[in-house]
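**Student:** Can you keep this structure in mind? I'll have questions shortly.
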Amino acid sequence: MNIILMGLPGAGKGTQASEIVKKFPIPHISTGDMFRKAIKDETDLGKEAKSYMDRGELVPDEVTVGIVKERISEDDAKKGFLLDGFPRTIDQAESLSQIMSELDREIDAVINIEVPEEELMNRLTGRRICEKCGTTYHLVFNPPKVDGICDIDGGKLYQREDDNPETVSNRLSVNVKQSKPILEYYNNKGVLKNIDGSKDIDEVTNDVIDILDHL
C-alpha cells in the first residue's frame with residue numbers, strides 16, 4: 001500500500017499520519033525525515049543535499065528525488081509507505097511515477113485532507129505560547145482559563161510572528177497555488193481521494209481508514 005498524504009497547513013496531516021501507521025504496517029516518510037536520515041547516514045546524496053542546505057540554497061530536484069528513491073527502496077518500505085511532503089511540483093510527481101515504475105510498484109491513493117480556508121485560518125492563528133514556560137494553548141481548542149495568562153505559572157501568552165493572520169494567509173495562498181496542479185495530476189490518474197478534514201478528528205480518521213481498507 002503506497003500512499004501520498006496531502007493537505008494545507010493546519011489540515012491535520014500529522015494527526016492522520018500517526019493514525020494510518022498505527023493501523024497499517026507502513027512507515028510514515030516525511031521529506032524532512034528523509035533528508036535528516038540521508039545526511040546522518042552520510043549517503044552520497046545526503047552529503048550533496050547537506051552542501052546545498054549549508055549554503056542556504058534549495059536542494060535541486062534530482063537530489064531530492066534520488067533521496068526519495070533511496071528511502072522508498074529500503075526494506076521497511078517494501079510493503080508500502082505513507083509519503084508526506086513530497087511531491088511538491090509536477091516535475092517531482094512525474095519523477096515519482098518513474099521511480100515507482102522502475103520499482104514495479106504504483107501509488108495506490110493520494111489522500112487529500114480538505115479544510116475550508118477560513119477554518120484553517122482559525123486553527124493556525126489561534127495558537128498562543130507562554131513566554132515563561134513555553135506551554136502552548138489554542139484560543140479555540142485548548143484555551144487558557146484566563147485570557148492571555150498561562151494556567152501553570154501566570155506568564156503572559158504571546159502569538160508567534162509566523163502565526164499572525166497576514167503571514168498565515170500568505171502561507172496558505174502559496175500552498176494552494178503549489179498543490180493545485182499536483183491534485184489535478186493525481187485526479188487525472190484516478191487515485192485522488194478527497195477527505196473532509198473539517199469534521200471531528202475521529203471522524204476524519206474513520207473516513208481515511210475506510211478508504212485505505214477498500215484499496
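Here the Cβ of each residue, glycine as well, is placed from N, Cα and C on the backbone.
So Swiss-Prot says this about it:
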type	residues	note
BINDING	G10, A11, G12, K13, G14, T15, R127, T136, Y137, K199	ATP binding site
BINDING	T31, R36, E57, L58, V59, G85, F86, P87, R88, Q92, R160, R171	AMP binding site
BINDING	C130, C133, C150, D153	Zn(2+) binding site
REGION	30-59	region 'NMP'
REGION	126-163	region 'LID'
**Student:** For the AMP site as recorded (T31, R36, E57, L58, V59, G85, F86, P87, R88, Q92, R160, R171), determine the largest distance between any two Cα atoms, in Å, rounded to the nearest integer.
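**Tutor:** Maximum Cα-Cα distance: 32 Å.
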**Student:** Other than C130, C133, C150, D153 themselves, what residues in this chain have Cβ atoms within 8 Å of the centroid of the Zn(2+) site's Cβ atoms?
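**Tutor:** Output for this site, in sequence order: E131, K132, G134, T135, D151, I152, G154, G155.
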**Student:** Might you list, by sequence position, any residue in that chain lying six or more from T31 (AMP binding site) with a Cβ less than 8 Å away from its Cβ?
**Tutor:** T64, D84, G85, F86
**Student:** Looking only at DSSP and grouping its letters into three states, which state does C133 (Zn(2+) binding site) belong to?
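**Tutor:** Once the DSSP labels are grouped into three classes, C133 (Zn(2+) binding site) ends up as coil.
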**Student:** Mind giving me a neighbour count for C130 (Zn(2+) binding site)? Other Cβ atoms within 10 Å of its Cβ, every protein chain shown.
**Tutor:** 20
**Student:** Spatially, and counting Cα to Cα, which of the binding-site residues is closest to G14 (ATP binding site)? Options: E57, C130, D153, R160.
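**Tutor:** Closest by Cα distance to G14 (ATP binding site) among the binding-site residues E57, C130, D153, R160: R160.
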